[in-house]
Amino acid sequence: MKKFDKERMLIAVAGPVIALVLAIALTSVVLLASDRNPFEPYRLMLQQLSYSDVQVLIVNQASLYYIAAIAVALGFRMNLFNIGVDGQYRLAAVMTAVVGANVNLPAPLQVVLLLLVAMCTGAFWAGIAGVLKVTRGVSEVVATIMLNAIATSVIGYVTLANVWGVQVGDNMTTGVMHKSGWIPGINLGSDVGEIYGLVFLAILLGIGYWIVLNRTRFGFDLRATGASETAAAASGVDARRMILVSMLISGAVAGLAGLPLLLGDTHTYSLSFPAGLGFTAIGIALLGRNNPGGIALAALLWAFLEKASPALDFATPTPYEKEIATIMEGLIVFAVVISYEAVRQWGLRRQQSRVGAELAAEAAKKNSESKGVTA
Amino acid sequence: MQGITKRFPGVVANSDIHLTVRKGTVHALVGENGAGKSTLMKILYGMQKPDEGTIAVDGQEVVFGSPADAIGRGIGMVHQHFMLADNLTVLENVVLGSEKLYGIGGGARKKIKELSDRYGLGVRPDVLVEDLGVADRQRVEILKVLFRGARILILDEPTAVLVPQEVDALFGNLRELKSEGLSVIFISHKLGEVLSVADDITVIRRGTTVGTAIPSETTPRQLAEMMVGSELPTPETAESTVTDRAVVEVRNLTVYATGGASLGEVAAPVASATTVAGSTTAGSVLTDTSPTIEGAKRVLDDVTFTIHAGEVMGIAGVEGNGQTELIEALIGLKNADSGDIVFEGKDITSQPTRKRRESGIAYIPEDRHRHGLLLEAPLWENRILGHVTERPNAKGFWLDPKGAQEDTRRIVEAYDVRTPGIDVTAASLSGGNQQKLIVGREMSHDPKFLIAAHPTRGVDVGAQAAIWDHIRAARREGLAVLLISADLDELIGLSDTLRVIYDGRLVADADPATITPEELGSAMTGAASGHLEHADETADDAAAEDEDR
């Protein structure tokens, strides 16, 4: 029995490892082709890892990625492509910032309120796509992509000076939130920085994700739908309800993605609030195989690439372009898609032949035993 | 083919198979499901490579890397499931992929006419394939192969989709082919057919050739014993256990087509268009493109029947005549457009699938890969599938993996599922073992009504007998069973009552004690409903009779 467990681990690890090796190799090829040293940039970036301020930056960034990727992964597990995480988290962040600036409750209540606002906004925005799919058969991919664009416009409207916007210099913000909604981080000293308090929320979400998927009836239905829509339907899963519910949950989680930054650092939503998290998260969820542990590693890797690469521009004696990291991210996504499918098929075949071999061996044993008896 | 050996993931491998086909003969390859016939033919057709052994065509040794190589050598294959584009004409289908041979216009048409006339196929080049029946489609497939210059034809279970009358016509075509010097390899496990059409017979058992036979000197019994190695199991049910307590009553059930799938004599299952999550099929009636009276096609038309506790009701019919829709309506995958389904006195017509399953409707789906299993999930998760809300799989809201695993071990033991463990994926089991797992799962929740669609399709003899035993045992305990099968012997042997479905209607019923497969076959074509010796009542009369009882 254990054998097959080990086998699964092997397959689970083989895919990402192959993908990463492939991506690094291809990046080196790109470097070679442009007459650069094919290995030096990696060394420079790894060097960054030893600085504690960079470490803090990576962890903080990873927490945003992680939450967004969990939201994406939830959909992926049932073959639902929530491309709209990007719009969902931005809209949720704006709404949270607005509420945080205009409502002032005692600290614990305020935080609960803000989290709820974020989740409800995200769920509402994702729910639109869910309702469209369930009632009108609109592809969630198309609907969520368009909702991303609409979210951008809504955010533009919300931050208008005569709505809730507050002009600060050249920047349009939503005004500074009340202190009761600020979530303190772990201060590691002024030269190192602060780890967002909501990093722990990310960890909790990861654990929750695992429990819901693997230990609840709902999670089983969700995974069954992802594994085989037809079999799930025959087993009694109500596909429409499932789509709507998982879209809502995915959106609610997505709504939280921007909060570690908002409540832990900026305390306002401004034009410089990071965009595009939701798209990065798709690659991260892919690389992490929709597994909470895998996604954590993938999120950290992405955050590392993001936060260690700027140093390339200032490297001495030869600076490198920090876009090398972007190239690498792209190549990883490519390699992931290819290597996972290859490894999956290889794994299936391998197990089939091993099961066959084991059964044959068993049958042979039985045969020889019975022969022994008759002889 | 000499000493062919193929080690293959799964259960049956080919080992040291010898097969010699003479020119101008029909050579039958017989063996039970899973004996290795298909693998051998895939090797001959270049779809798989043998690990050992050689293939020689006309005395010349050949190595096939792909079907294209095999076609180049004059070997052609007619698959069991037709590979035709419905919306193209016969001519277009035949030409597709080999446009270079005779062009796509007059030259090709002339060649098709010529081939059709020479072999008596009666193919009309300009008819749309979607308007053709199963037997006609098969002839198009044969023509397609001939068009590509095949001199050796492999027919993979060509009679599986045909009714007895059509089988005779096919055999006429085969005789025509061999008289022109072509060779035919005919795969089947139906002994009567084999003896009537073949010149030589090779028997395969457990992946190896166990002997050859000459039809004129062989009885079906001898052949059967060669095939199975022991006596064939029979699906005969002993004493009747039918009670007068109705478990399932279906009244005037009517379902309209929701997709473009046409009915009548369509071979391919029409299920594909039905249960796509999120699409808007449910409830809405789309207009079918096929010419029908009221716009939408009735795939189930006014179906009425009652199944009592302890009764097995068999439904005979050529595939695609509404069986799939009937099953889906009963399990709740399809909404009834009108009519009622009453289960144990309660109207369940509008209940969702899960509710129906929880209340005791068990379901052995016709396509276990699509509807019965999560292929890439471990066995114990497959044990949960369909019963996720019930013990031992769940405790309230929470899943109970331990309970499910334990019970999976029990099922594996009790139903003789051959597997090294319960953590392997369902995909790594052979079809028979997958089916045994499904049967075990469905029987483990104390069902009151079992929908069994082709319960022994693609299952080896041993597993077949075991599955029959389980159904029989449950029937003794008062289980009501709806049995749908393409295997007429199985239907007649297991059923207490028989109905024939044609074009969405129950057109005839029969007494399984006296009916023969041939009589049943003629009712299945729809033409002979009134002439059945033992089944001359219409569905409505039968229903009335049911009420009387």
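Counting starts with 1 at the first residue shown.
A Cβ is built for glycine as well, from the same backbone N, Cα and C atoms used for every other residue.
According to TrEMBL, the feature transmembrane segment maps to A:12-34, A:54-76, A:88-105, A:111-132, A:141-164, A:195-213, A:243-263, A:324-343.
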- Using a Cβ-Cβ cut-off of under 8 Å, list the residues of the same chain that are 6+ residues beyond the ends of the transmembrane segment (A:324-343) and lie near it. 11, 14-16, 18-20, 22-24, 26-27, 30-31, 41, 45, 280, 283, 286-287, 289, 302, 305-306, 308-309, 312
- Item | Chain residues in Cβ proximity to the transmembrane segment (A:195-213) (below 8 Å; excluding those fewer than six residues from its ends, i.e. six or more beyond) | 56, 59-60, 62-63, 66-67, 70, 73-74, 77, 183-186, 188, 219, 222-223, 253, 256, 259-261, 263-265, 292-293, 295-296
- Task: Using a Cβ-Cβ cut-off of under 8 Å, list the residues of the same chain that are 6+ residues beyond the ends of the transmembrane segment (A:54-76) and lie near it.
- Result: 48, 82, 85, 88-89, 122, 140, 188, 192-196, 198-199, 201-202, 205-206, 209, 222, 226, 246-247, 249-251, 253-254, 256-261, 264-265, 274, 277-278, 280-282, 284-286, 288, 290, 292, 295-296, 298-300, 302-304, 306-308
- Item | Surrounding residues of the transmembrane segment (A:141-164) on its own chain - C-beta under 8 Å, 6+ positions past either end | 81-84, 86-88, 90-91, 94-95, 98, 101-102, 125-126, 128-129, 132-133, 172-175, 269, 271, 278
